[in-house]
Amino acid sequence: MMNILLPLLGGFIITAAFMPALIRYFRARHEGQMIREEGPTWHEKKSGTPTMGGLLFIVAIAVMTLLTSWVLAPHHMLPTTWILIFILVLYGALGMWDDSIKLFHRQNEGLKAWQKMLGQIVGALILFWVYTHEQLPMALHVPGIGNWHMSGWYAVFVILWLVGFSNAVNLSDGLDGLVSGLASIAFAAYGIVAWQQAQINIAIFCFAVVGSLLGFLIFNHKPAKIFMGDTGSLALGGALAAVSILLHHELSLLWIGLIFVIETASVILQVASFKLTGKRIFLMSPIHHHFEMKGWSEWRIDLTFWGIGLVTALSGVWVILAK
């Protein structure tokens, strides 16, 4: 039980204790988020809010994962522990580079798409290398059917999974607290699965994420005092995809992370519809902005999406463990 409580509480305490200092630092330097012009007009009042808060919870996650593994479970300090931290840090570094361009060069576009994708692919290939080195199955687990052996094609899947979900979480990060809550729920679900399946190193990592995000949520709920930025959202998305792969429950993420899937699908459908017919399906995409345009408050959207995320996470865990 301490393997769960230590990273959970430690991550929470580190993030909650040091986040005020990070907020003061960014405010003193007058560095804050630029709000994209195509978003809701009332989001303009958020302009100048400190960003890159993900930097602190990435540090908290890494510290508590390594500390807990070293103190309580040194025999669980496996290559999979290191690759999860590596993916978290690499994708976070990509996001931080992107955020830095927006902050210091006052360009709201950030990195070019190909630059971001190249870094994401490199991280995915390194994850695949560790996966094969650990002699994990080169097969995709399909619920209700069994394992679909993919051989070398599994590398393609790993790339698509990490790139896809890191961008999906990034797209979802458009409301105060939304991704912090959704990611906490999803990582808690996989932490329970990992614990029950005796993959303690992955459970430690997952609960370090949960604790750190809950500490961050204190400052990120509406009205947000700081945003996680691409630094946080890309890191969380990449790590979440990596966890589902290492647990060999890859496709479960489509259900446990259903809101992320819906957010991404809404953007794809919106763009496709406008290109093909000249008409938009939603008032604005991603879909959380559609509900804003319908008059929903940010808190109402957050609570609704968190509720859906909790239901899909609990039911997903039940299905996995029922086997």
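Quick reminder: no glycine exception, Cβ is built from N, Cα and C everywhere.
The transmembrane segment annotation in Swiss-Prot covers 3-23 (among others), and the record cites sequence analysis as its basis. Counting same-chain residues at least six beyond the ends of the transmembrane segment (3-23), those with a Cβ under 8 angstroms from any Cβ of the stretch are 50, 53, 55-57, 59-61, 63-65, 67-68, 71-73, 191, 195, 200, 203-205, 207-216, 218-219, 225-226.
For 52-72 (among others), the entry in Swiss-Prot reads transmembrane segment.
Per Swiss-Prot, transmembrane segment is recorded for 77-97 (among others), and the stated evidence type is sequence analysis.
Feature annotation from Swiss-Prot assigns transmembrane segment to 121-141 (among others); the stated evidence is sequence analysis.
If you look up Swiss-Prot, you'll see 145-165 (among others) marked as transmembrane segment.
Tertiary proximity for the transmembrane segment (175-195) is limited to same-chain residues at least six positions away from its ends with a CB under 8 Å from its CB atoms, namely 3-4, 169, 202-203, 206-207, 209-210, 213-214, 216-217, 220-224, 228, 232-233, 236, 240, 243-244, 247, 249, 253, 256-257, 259-260, 288, 292, 298, 301-302, 305-306, 309-310, 313-314, 316-317, 320-321. Taken from Swiss-Prot, the feature transmembrane segment covers 175-195 (among others).
Only residues 6 or more beyond the boundaries of the transmembrane segment (200-220), in the same chain, are considered here, and those with a CB under 8 A from a CB of the stretch are 3-4, 7-16, 19-20, 23, 53, 56-57, 60-61, 64-65, 68-69, 73, 76-78, 80-81, 84-85, 176-177, 180-181, 183-184, 187-188, 190-192, 194, 226-228, 232, 236, 239, 243, 246-247. Annotation source Swiss-Prot lists transmembrane segment at 200-220 (among others).
Look at Swiss-Prot and you will find 226-248 (among others) tagged as transmembrane segment.
The feature transmembrane segment is assigned by Swiss-Prot to 301-321 (among others).
Outside the transmembrane segment (145-165), and at least 6 residues removed from its termini, the chain residues within Cβ reach (under 8 Å) are 87, 117, 120-121, 123-125, 127-128, 131, 137-139, 237-238, 240-242, 244-245, 250, 253, 257, 260, 264.
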